[in-house]
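Some features that Swiss-Prot has for this protein:
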- 1-20: signal peptide (SIGNAL)
- 48-112: domain 'Disintegrin' (DOMAIN)
- CYS53-CYS76: disulfide bond (DISULFID)
- CYS67-CYS73: disulfide bond (DISULFID)
- CYS72-CYS97: disulfide bond (DISULFID)
- CYS85-CYS104: disulfide bond (DISULFID)
Amino acid sequence: MIQVLLVIICLAVFPYQGSSIILESGNINDYEIVYPKKVAVLPTGAMNSVHPCCDPVTCEPREGEHCISGPCCRNCKFLNAGTICKKAMLDGLNDYCTGISSDCPRNRYKGKEDD
């Protein structure tokens, strides 16, 4: 059996750098499928993320921050409910932030065929 050390890079949306977790010494069977034995998280600061909202180890928002990126995320916080996140096109209906998510939900008055 071949012993391998796999490194999976957790990518933050901006700037496409994040942290790593290491899957230690997994075995590869005849079909080259990896069965890891143990997951070891790198210590805090092992990799430095240049994104101010992203914890470099967990790729999650830092303590006290709400989000990392998205149309309803600015300076690591959710935009206020009612903030326009997508301007109206042909249908004349804007999409608005909810204040509790970094996503830009579809305006509930838009039909399924509208976008």
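Here the Cβ of each residue, glycine as well, is placed from N, Cα and C on the backbone.
Distance noted between the C-alpha atoms of CYS53 (disulfide bond) and CYS67 (disulfide bond) is 7 Å.
The local packing around CYS76 (disulfide bond), expressed as other Cβ atoms within 10 Å of its Cβ over all shown chains, amounts to 18. The Cβ of CYS104 (disulfide bond) lies under 8 Å from the Cβ of GLY70, PRO71, CYS72, CYS85, LYS86, ASP95, TYR96, CYS97, each of which sits 6+ residues away along the same chain. Around the Cβ of CYS97 (disulfide bond), 24 further Cβ atoms fall within 10 Å across all displayed protein chains. Taking the Cβ of CYS72 (disulfide bond) as centre and 10 Å as the limit, one finds 26 other Cβ atoms among all the protein chains shown. Ranking the disulfide-bonded residues CYS53, CYS67, CYS73, CYS85 by the number of CB atoms within 10 A of their own CB puts CYS73 at the top. Residues in the domain 'Disintegrin' (48-112) partition by DSSP class (helix H, G, I; strand E, B; coil) as 0 helix, 11 strand, 54 coil. The CA atom of CYS67 (disulfide bond) is located 5 Å away from the CA atom of CYS76 (disulfide bond). Across the residues of the domain 'Disintegrin' (48-112), the predicted structure has a mean pLDDT of 83.
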